[in-house]
Every structure is written in structure tokens, then in C-alpha cells.
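K.L.:
Questions regarding the structure given below will be posed in turn.
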């Protein structure tokens, strides 16, 4: 009898973290690799947030807290939802967890039974399907390629709904594409969902504050307050405040769901880090002056990367509304032969080719459910980004 559970047979380690690990190994070996695989901002956590954390340590705020988050932080989250999204939540409709990933994991563990279906638009953040599967649910994939601007249409949504559908996932702006749903698109989705009262919606808003040009962010509970009891909104401090390592995410939904998720959390991690919670209060309540400049900085990087990569004859690029990724269509390159005689047959092969030939680490599209694409993160310096994109272009020109 194996010591490893059969539950893990269909679960894969995070492919993005695998790319990061391989990149670090090559760098350690002295290879001049430019890493465009990581999904985290390249600026540091702001000083005012760090200072609150340091003070919290010195003041001895180092003990257990409420499992679902300290009331002061939940109040800051409640105020954030009202201030920025015009949504009213009570404190017992909010949970704080060890990152947005744990919020989502708790959500599915608390709500899914065997055979319950979760509609996942493709491409997707790599962890959605595996978290659904670990919770005994069934992922239902809906292709939303570049021809649909990487967004779910109401026609595709209706075709995917069955009497077993329990959740629909909406991620806007999206990882890996940066595509964002505008107000009208969300209204159309809400209109469709009103016909299906068995379907709940998880809105993953983690990239809310990284948007570009004239795109205006909306979240579904703001657009459709009548569906609020069926909507679970996920957010956190990782992206907007560059606090990926602090591990604070939060979610808001019905009291019954929050209570069930708190039970799950009480038997796994218990409370999130006490010091990180105090830092998150400062992130939400303190100055927001750096958020817009940081988004503008990412916009410049997006434009730089696009200006180089869209000139590659093999590529088709989508101009993202937010986040810090490009999800580039590259299937025209499939079937070509490298100088060493290898055939590039899929996105894994192409990513390996870029790593070997261009010394640039990217994530293959198959990791996000769509072969024929690759993802770059432009959360790096302008100099490194420009050099990496030039290397990619040159590597493609030699094929």
C-alpha cells in the first residue's frame, strides 16, 4: 500500500513555480537567464507597511488571533469594499486567510461535494482546476481564446451550465492574459446567471488595482447586488501592495459560507500571521498614493513588451487591460525545426527552446490550459524586459 494518497494522482505541482525553480537553478550555475515567469510585482513593499509590521513585533503582537482574522483587519476590508466597490459587507461575511490561494481552497473545500461542477474559463490561473479536484469537484473547462479576447461569452456560459453546476469562476483582470471584463460584459453575465439560481460565482479580483488606459474595474457584486448572496469575492494585498510573501488574502460572501470556511481554516492553518495582518491593515487604511504610479509603470512595460513581440511574424499579441502578463499566441511556430534539429511541436517545446537559445524563462501556455501560447510576466525592470523581448525576437528569427 502506497503512503501517498490516490487523491494526488491527478494533481500537479504548480508549473509557474517549477519555472521559477529551474530559473533559479540556472542562475545559481552562472547562466545569464532573464526570468519572465514569476507572478509578483518587482517593487518592494512600501515602507509605511513595513514599519507597522516592525512595530507590531516590538509591541509583542505575536500570539494567536481570531481564526478568520482580527476584527480591525476585517473592518479595514469592509471599509475597502464600501469605499472602492460600493458593496456593504458585515464582519461575519468576511474571512482573512494565508493568501488568496488559501481563501479559494477553503471556499471549494467548504462548498463542493463529489461531482459538483465548477466552470473554469480557459486560459485559467494554474491552481483553479487542481483546487477544485482536491475538493472532489469536477472542473468544466470553457475555451476562451484570443478570438474571444480571452473572455467568457454568455453563449459559451449557457452551454456549460448543467444541473450539477455549483460555481463559475471569473478572474478580472486575468492571470495569465490580463484581460478584464468591462461593465457591460459583467452585466450580460449577471443577466444570464439570474436564470440559473443553482450557480454561484467566485470573482477573483486580485489584480483590481493594476489596470491600464481607460479601463474601469468593476466587480460582479457591485454590478449585480441582487446576486450578492451567490457571489464570493476574493482579493488580497499581494499584488497592489507587493506583499506576496506576507501571505494575506481575504474573501467576502454569505455568512453561512464564511462560517463553513472558518471551520476548514480552524483545522488547517488556524489564523493568518498576526504581524502580516497588522501590515495589511496599514496597506488598506494607509496612503494609496503609490498604486496609480505603479500601475502606470506596469503599463509602460506592457507597451514596451508589445512593441517588440508583436513584430515577430509567428506571434499574435493581445493588449491587456490589466495585471502584468502577456499571453502570446505562438502556434504558427509549431512544426519548425531548431538549429539542433529539434521540432517545436507545442508550447512546452517552445518554452524550452527560449530557455536554451534565448536564455529567457517563460511559462508555456499548456500550464494555463491553452497550448499554442506562452506567458511572460513584465514585472521586471525596463532594461531586463527590453533585453528579454529582444532575445525572444532574435531566437524566433533564427527558426
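Positions of Cβ are set from backbone N, Cα and C atoms, glycine also.
The site 'Important for prephenate aminotransferase activity' feature in Swiss-Prot is assigned to 12. Annotation source Swiss-Prot lists L-aspartate binding site at 39, 125, 175, 375. According to Swiss-Prot, the N6-(pyridoxal phosphate)lysine annotation covers 239.
Walk me through where these features lie, including what they touch and how far apart they are.
P.N.:
Of all Cβ atoms in the protein chains displayed, 12 besides its own lie within 10 Å of the Cβ of residue 12 (site 'Important for prephenate aminotransferase activity').
Classification of residue 375 (L-aspartate binding site) by DSSP places it within a strand.
For residue 239 (N6-(pyridoxal phosphate)lysine), other Cβ atoms within 10 Å of its Cβ number 26.
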K.L.:
How many whole Å apart are the CA atoms of residue 12 (site 'Important for prephenate aminotransferase activity') and residue 375 (L-aspartate binding site)?
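P.N.:
Pair distance, Cα basis, whole Å: 19 Å.
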K.L.:
Can you name the residues of this chain that are 6 or more positions from residue 175 (L-aspartate binding site) yet have a C-beta less than 8 Å from its C-beta?
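P.N.:
Long-range Cβ contacts: 39, 125, 206, 207, 323, 325.
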K.L.:
I want to check the contact list for residue 375 (L-aspartate binding site): same chain, sequence separation of six or more, C-beta distance under 8 angstroms. What comes out?
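P.N.:
Result: 37, 176, 325, 326, 327, 328, 362, 363, 364, 365, 367, 368.
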K.L.:
Around the Cβ of residue 125 (L-aspartate binding site), how many other Cβ atoms lie within 10 Å? Please give the count over every shown protein chain.
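P.N.:
Summing over all protein chains shown, residue 125 (L-aspartate binding site) has 24 other Cβ atoms within 10 Å.
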K.L.:
At its widest, how many Å does the recorded L-aspartate site span between Cα atoms of 39, 125, 175, 375?
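P.N.:
The two farthest binding residues have Cα atoms 11 Å apart.
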